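Visitor: Mind looking over this structure? Questions follow.
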């Protein structure tokens, strides 16, 4: 996550060794002098890679998020009585990808403006299933018998669509909480109380809380998952500086070979693709068992072939496609609990994304916009009828740390791909053949990086202080113990009011909420000042406020910030940046020719003579 450093001599390490007249070549990557940290970014937030790299890297992000987004409709389909209607399941899958793509483009363009991908959230899946499990919404017994289900029958269509409409309305109403919290500035106000000891356990638990899921998927075939993990480690850590010679042509050197750092740019995509191909070959030669009872069956690539055949070539999701949404009061409160957890997770994701993409920490107005746009995304998801909301994807934040590509243009392109995949049903369905152990091996890397990124926030606190050690350790351990206990004894929490029981149960079952809340409460009540890390945060923001590059990073696009900068009342809008307060500094600090935003990137480990 370090900004590229300038060398005083020696050869530059180029990602693509092309002549100066090739406009679409990769950005020059420079090694640090000996003795310094050699981690660097290939592309910063505002950089634009060549179109072919944008496509490849955006597909990698799409593949990383695919498993989580795709699994949500499949998990929800049983509660919607759709377990025997694969065509409707396919339409739900297309819809959630379509909406996720739109929300991703909105977030990158008008939201927090960081390279952060949006998709379905598991924090809303639990309350949704809890609502649909209530007696009035239990599926009729005949829907569990495939021979009795006529998917074209108006009776069956009304059975599942009535449940979907109620879920839609509840999500839309609950999303108003997130919209208000973001655009009113409530989140930005709370950030003055949220420091590293709140952010660190929240981000760390994003990764640690899914260890069971990762273990279950990887355990479906440890050989395949270990191969996937080993390939990603090999490409990203051992071979990332090894260039691949590729043919190139220009008018000066004619046909020649150039150096392309393939392993650094696309380690996850390469690892998944090779393991996927191996599973395909083992499937067509019947090396993997065809009997579902035998170990290794889930590594086959032909398990979901019916999804590809059932999916239509073209489908166009639209708001209200299942009918007029309805509202359930109990469902609204349950979904709101999930929304709160999603907001806490997203604030942590913003900081992790900024850290891994080499950007300065997001200012309050950017965080306000990010949360507000996520609320709008959940509102859109409810209107379109995905059965879910949207949130920032932690898995894709981890990809930034591995590939060293923090360009938001890549994430925007991923959003375009998701919209296309939502329309082209069959092409999107092809990716459902990715075996579970391949996904599990990828999770071993992705969530490990996320957990480490969370712990790294503690570097700004005093780790020799018993106060810091106590708050982080207690928050982290309690967030692992309490949800696990509640999962084993769900009936032990009873207030006599079902709605309150549901809300409290959902909150205490979410690792990130428990760890973040305890860290927030203890950090703001236990006496301490220098140990908290807030001095670093204030000085860091002050330092970046003097850098034109960092001033512009979180500005609104299309000249919106510049247009409104002449109006003094803009300073009172919580989600709008205001240039007036930095105009004097901007006139003093000139943007040097050839300087780019990478030079103002956030450096978590500055040299000893750098003032923090």
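Glycine is treated like the rest: Cβ placed from N, Cα and C.
Predicted, not measured: the structure shown is a model, and the values here were computed from it.
Pulled from TrEMBL, these are the listed features:
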| type | residues | note |
| --- | --- | --- |
| REGION | 586-612 | region 'Disordered' |
| TRANSMEM | 50-76 | transmembrane segment |
| TRANSMEM | 96-116 | transmembrane segment |
| TRANSMEM | 171-190 | transmembrane segment |
| TRANSMEM | 220-239 | transmembrane segment |
| TRANSMEM | 260-285 | transmembrane segment |
| TRANSMEM | 322-341 | transmembrane segment |
| TRANSMEM | 409-431 | transmembrane segment |
| TRANSMEM | 437-455 | transmembrane segment |
| TRANSMEM | 467-483 | transmembrane segment |
| TRANSMEM | 503-522 | transmembrane segment |
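Mind running through what each feature is packed against?
Guide: Through the fold, the transmembrane segment (50-76) approaches residues 24-26, 89, 92-93, 96-97, 100, 117, 119-120, 122, 125, 128-129, 265-266, 268-269, 272, 386-388, 393, 395-396, 399, 403, 405, 407, 409-411, 413-414, 416-418, 421, 431-432, 434, 439, 442, 446 of its own chain, all at least 6 residues removed from its boundaries and within a Cβ separation under 8 Å.
Counting only same-chain residues 6+ beyond the ends of the transmembrane segment (96-116), those with a CB under 8 A from a CB of the stretch are 45, 65, 69, 72-73, 317, 349-350, 353-354, 357, 359, 362, 366-367, 369-370, 372-374, 376-377, 380-381, 384, 386-388, 390, 392-393, 396-397, 400, 406-408, 410-412, 414-423, 428, 553-557.
Taking Cβ pairs closer than 8 Å, the transmembrane segment (220-239) reaches residues 263-264, 266-268, 270-272, 274-275, 278-279, 288, 295-296, 298-299, 402-403, 435-438, 440-442, 444-445 in its own chain, all 6 or more past its ends.
Counting same-chain residues at least six beyond the ends of the transmembrane segment (322-341), those with a Cβ under 8 angstroms from any Cβ of the stretch are 121, 123-128, 130-131, 134, 161-162, 164-175, 177-178, 375, 378, 382-383, 385, 389, 498-499, 502-503, 506-507, 510, 512-513.
Listed as Cβ neighbours of the transmembrane segment (409-431) (distance under 8 Å, sequence separation of 6 or more from its ends, same chain) are residues 43, 47-49, 54-55, 57-59, 61-63, 65-66, 70, 90, 93-105, 108-109, 115-118, 307-308, 310-317, 396.
Non-local neighbours of the transmembrane segment (467-483) in the same chain are 197, 200-201, 204-205, 208-209, 458, 461, 508-512, 514-516, 518-519, 522-523, 526, 528, 531; each lies 6+ residues outside the stretch with a CB under 8 Å from one of its CB atoms.
When Cβ-Cβ distances below 8 Å are used as the criterion, the transmembrane segment (503-522) is approached by residues 123, 126-127, 130, 193-194, 197-198, 200-202, 204-206, 208-209, 333-334, 336-338, 340-341, 344-345, 348, 470-472, 474-476, 478-480, 482-483, 486-487, 490, 493, 495 of the same chain, each at least six residues removed from its ends.
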